[in-house]
Amino acid sequence: MATPTLDKMEAAAAASPFITVTFRIRRFNPEISDESTWQDFQVEIDPKERVLDGLHKIKWDLDGTLTFRRSCAHGICGSDAMRINGKNRLACKTLIKDINPEKPITVEAIKGLTVMKDLVVDMEPFFQAYRDVMPFLVTKGNEPTRERLQSAEDRERFDDTTKCILCAACTSSCPVFWNDGQYFGPAAIVNAHRFIFDSRDEAGEQRLEILNDKDGVWRCRTTFNCTDACPRGIEVTKAIQEVKRALITRRF
Amino acid sequence: MKIHKYDTVIVGAGGAGMRAAIEATKRSRTAVLTKLYPTRSHTGAAQGGMAAALANVEDDNWEWHTFDTVKGGDYLVDQDAAEILAKEAIDAVLDLEKMGLPFNRTPDGTIDQRRFGGHSRNHGEAPVRRSCYAADRTGHMILQTLYQNCVKEGVEFFNEFYVLDQLLVEVDGVKKSAGVVAYELATGEIHIFQAKAVIYASGGTGKFFKVTSNAHTLTGDGQAACYRRGLPLEDMEFFQFHPTGIWRMGILLTEGARGEGGILRNKDGERFMEKYAPVMKDLASRDVVSRSIYTEIREGRGCGPAGDHVYLDLTHLPPEQLDAKLPDITEFARTYLGIEPYTDPIPIQPTAHYAMGGIPTNVEGEVLADNTTVVPGLYAAGEVACVSVHGANRLGTNSLLDINVFGKRSGIAAAKYSAENDFVELPENPAQQVADLVEHLRNSTGKERVADLRLELQETMDACVMVFRTEQTIKTAVEKIAELRERYKNVSVQDKGKRFNTDLLEAIELGNLLDLAEVMAVSALARKESRGGHYREDYPNRDDVNFMRHTMAYREVGADGKDSVRLDYKPVVVTRYQPMERKY
């Protein structure tokens, strides 16, 4: 059993790990002003901590009015997608040390959705697009008494897109979505993909027709922003391409 | 103030709430009120699986599962409820599969199953493969699948509506549920939801501990709302400490890691669980493993310079197996610890994980006002409830099962009740208590800060009522909690606005945690025995003569207006299994 990495890590932790980091946060509260402003906060923090820990230090010790969503704090619930140093990430999955803490860390709300207050956006249009692609298993005929059978290979076919946590990091990183909120956006297509390629599902054609719409998959310009942004490592652009191909070949 | 009228109102949109909503929406006009967007619930953080004796990969049956559940709960389980849990597990898994849940599959295409702590063949002979799973994302898949089916059924959600009060009205001498009062986070507006039936499915209360696998939002909101209205809380002293949380952070690393062959080791590299549980070893029940880890640490065999953790060793498992079966937890180790689990062991420590206790219910999910009386129109399911299928210690994979079995049952029962009964008239000024609370916190100029009090509470709970407890440590906790509750009266918030005031929300949540911490500590102090997750060093043995009974805690308000916890007890339902010594 190897332990050297750990010993190193623990020795490093024994010395005072704290550094001073500037968080530059885009504040917005329509109860106070119609304009958003950038505000700087200095925080003493261990670089191995998360951006979310930094935001908590600000909220709990410096300014209770700072507003953001968060829940699980380890990248599973999808609450805290935000734009950190210009890139969409989950605050709870981004360590300070990985985003150059020597310079101010900028934090702002994700783009393309209406900002309600500080880092909180209106998620309704995002969830509406999700609901519009029929994100549920559709089957015909009589229900079997036991489980439906599915081979391990067929299960693997759509594994990647089952990982989606609906955080909106992909959709709100998409330039097409920024310019036209009518576009379904990557997350909705990912969730359509998850069912289109599920061997048990029988509504693939219907979903493809929905996505064949002028606001559907053809709007995608393959910029790969969504793939870069996905905190779950889903190959989002590839999934969109597979849906496009299925629309042409009608094979899935 | 807005008033809404629904047949059935469900509080919470995690696994239990959405499973209930799928049933209730088909049968009655239903609203789901949820503090978080539905898919944000902590059900999604559950990893390892959902138990059901499908016998897809080896011999198994629901009776063995019932026995394991009763034994795992150290005989504090109500055995009639455990039998329902184990029997209905099979349909609960098949229901989810039919709803679309992408389970891992066997070579035959059936649902694959793996080993998990405390689940055994033929009453403890050897570990059995009973956990149905989807990699180490089973909770995520359940949450997504249930939400997908809520979309399919057209379930009506009120997102970011925080329920703060339970309305109870006495009709002909019987206390009935009239509805709930909710605070809308986006606007700061108060809403009354008049409903024939209310189901609480608002989750656990783990955030009163510091090292916890629980989400920031798990603050016992449903338990607190009911308790403040005079309803009892059952078995609150029983809290589960999951053996494998990431060192210092508490993030869960599934027991499935040990189910796949992972081994716990001390600083000498010794597989220490062989000493404590010769048969089940690393797969003994969670309370046993957590105590063993702390025993190793206390006896100087912990790892690291401070000797304050042990290792979860996965290095002997093939990387392909880790990638296929444990992709998320290996990624957590890489992200949060900078450790490569292929080659290095992961530092872990027990983490506060699950409340076995909660709002007492019968097997239909009906809430109890005392040992036997049902509150008409009031239901609870999931971690917020205590049926009690988990007794003194829940088995891994039985919580995802619990939310599905009793979520479904309570959804059906509540909708049936709505169909057969009328609305109860709302009390006068139904929003009064919530309006007072919100106004008090918004206007307070007190000097106490939420973050300070919460941290003191969490540190007290970690130090005094975790894996090992004594009369002395629990008394320290009781005193400290009383002090914090007093100081809480002088808490103020900086954000005075109405819009998305999460500063105010955290203050309210802290109030809930403080009340529930008091209940927990007082209940623990009175239980002078060791059983399951409640281990008293001063009373190290189980005492079936005096304590094979459920604790029922009530809030009492004295003539001076001061409140305190009054304890009563309720018998355990025993059907098949007489208590035996618990060995793994």
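Keep in mind that glycine also has a Cβ here, set from the backbone N, Cα and C atoms.
Annotation comment: TrEMBL describes B:7-400 as domain 'FAD-dependent oxidoreductase 2 FAD-binding'. Among the features that TrEMBL reports, FAD binding site is placed at B:12-17, B:34-49, B:ASP221, B:GLU383, B:399-400. Annotated tele-8alpha-FAD histidine per TrEMBL: B:HIS42, in sequence order. What TrEMBL records for B:HIS242, B:THR254, B:HIS353, B:ARG394 is substrate binding site. Positions annotated as active site, proton acceptor by TrEMBL: B:ARG286.
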(request) Measure from the Cα of the residue listed as 'active site, proton acceptor' to the Cα of every one of the recorded positions B:HIS42, B:GLY44, B:THR254, B:ARG394, then give the nearest. (result) B:ARG394
(message) Please identify, among the binding-site residues B:HIS242, B:THR254, B:ARG394, the one with the smallest Cα-Cα distance to B:GLY12 (FAD binding site).
(response) B:ARG394
(message) Run a quick check on B:LEU36, B:THR254, B:SER399: which of these binding-site residues have any Cβ-Cβ distance to chain A under 8 Å?
(response) B:LEU36
(request) Sorry to bug you, but what's the C-alpha spacing from B:THR254 (substrate binding site) to B:GLY48 (FAD binding site), rounded to the closest Å? (result) 6
(message) Please report the distance from the Cα of B:THR254 (substrate binding site) to the Cα of B:SER399 (FAD binding site), rounded to the nearest angstrom.
(response) 13
(message) Can you tell me the CA-to-CA distance separating B:ARG394 (substrate binding site) and B:ARG40 (FAD binding site), as a whole number of Å?
(response) 23
(message) Mean pLDDT across the domain 'FAD-dependent oxidoreductase 2 FAD-binding' (B:7-400), rounded to an integer, is what?
(response) 97
(message) Of the recorded positions B:HIS42, B:HIS242, B:HIS353, which one has its Cα closest to the Cα of B:ALA16 (FAD binding site)?
(response) B:HIS42
(request) Give me the Cα-Cα distance between B:HIS353 (substrate binding site) and B:SER399 (FAD binding site), rounded to a whole Å. (result) 11
(message) Rank aside, I only need the closest one: which of the recorded positions B:LEU36, B:ARG40, B:HIS42, B:SER399 has its C-alpha nearest to that of B:HIS242 (substrate binding site)?
(response) B:SER399
